[in-house]
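As recorded in TrEMBL, the features of this protein are as follows:
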- E63: active site, proton acceptor (ACT_SITE)
- 32-215: domain '3-deoxy-D-manno-octulosonic-acid transferase N-terminal' (DOMAIN)
- E135: site 'Transition state stabilizer' (SITE)
- K213: site 'Transition state stabilizer' (SITE)
Amino acid sequence: MLARDAAYAAGLLASSPLWGASLLRTGKWRTDWAGRFGRGPSGETLENAGGPRILFCAVSVGEVNALRGLVDALRSGPEPCGLVLAVTTNTGVDRAQQLYGGREGVAVVRYPLDFSWAVGRFLDAIRPDLVATVELELWPNFVAAARLRGVPVAIVNGRLSERSFRRYRLARPLVRSAFAAVAAAGVQTQAYGRRFVALGTPAERVRVLDTMKWDNAVVRAKAGVPGAAELAEAMGIDRDRPLVVAGSTGPGEPAFLLRGRPRDAQLLIAPRKPEHFAAAAAACAADGAGFGRRSTAVRGTSGVFLLDTIGELGRAYALADVAIVGRSFLGDLYGSDAMEPAALGVPTMIGPHHKDFAETVAIMRNAGGLLVTDDPASTTAELLANPTLAAEVAAAGQAVILAHQGATARHARMLRDLLPPAAGGTD
């Protein structure tokens, strides 16, 4: 672990001009540094997570959202587990607090930097019976510290894209022991499973359980989403005109989508990251006066809206006639999750750059429940002009999601089986 500490320190020092400037520019230096250096939660916080205790490690909003159904599954039954969610990013912590703040049996904390002294201090404070990393939050010192304390480490909703696989292979001497120490890896696809094995996880510990995101995509009518009507009223959205919602957009996409929007339709843009809000606002302003902005409570008059908040995208999708999934049209942004709007029966499209979601996009596209296009303007116009096509895409999207659900229950069984018997596991 000391060798890894030295490598981390050297890397941080060498890259300090880059990350230091970024922290100052974005304001992210105002963060929970004590938590990042391993300060555990208060005793009162941990008392709320009593019972057999599972520590989940999640990077940001997407991973926190992926846990929603699993949290419910593990909190139910005759012996509910106490859950601690350790989250890396500020937006992820905010989302976790939004979902679970004050909920019985669930605590939210900051995930520490992977220095041996920080992760050791952190684990000693939490005293988990089991660690479960979400998708791929697998840090060598953290895994080694858990193993030293006799705490098994599992992976839930595991995914290992080709891009991440190449990076891990370059760092294989540093990470192989972490992959080899995994007690069980619940992965989304066979391809991901093969990559885990190639990096050192024993094949018998890898289980293909599908992605829990299918379960978190709640198939229901748009009218069943609470808060949607209030959002429309607050932003000035005209319910009698078509609304296109572009969710999780990346850099440059707001201007790109604004240039091609049908002038008889409204467009709501929801950037994926807070640091992109200002640029999106500038693009909306350049399109013309009168755009609505959620964070400033300004109602729109031009048919253009900016949703610059976290946690309200689902409400916006419930208002949509067409959904565009961002981070997929310009450059290598690798895509976003298309399930949320499709689950609500919204005809949905995504751009050609979606490497990180290739498997689910292929499944949905092949079922007719998702359109892949490099020309969102013409695809939007086609869907708005052809209600039959829009209805077919919407129905197929909901059907394919329902057909792939069940991964959450499989992950819950895997985790309960890993708990030591004295902590509520199975013999």
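A Cβ is built for glycine as well, from the same backbone N, Cα and C atoms used for every other residue.
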Cβ neighbour count (within 10 Å, all chains shown) around E135 (site 'Transition state stabilizer'): 24
Close in space, distant in sequence - K213 (site 'Transition state stabilizer'), Cβ under 8 Å, 6 or more apart: A66, N157, D337, M339, T360
Cβ neighbour count within 10 Å of E63 (active site, proton acceptor): 25
For the domain '3-deoxy-D-manno-octulosonic-acid transferase N-terminal' (32-215), mean pLDDT (0 to 100): 92
Cα-to-Cα gap, E135 (site 'Transition state stabilizer') vs E63 (active site, proton acceptor), nearest whole Å: 7
E135 (site 'Transition state stabilizer') in three-state DSSP notation: coil
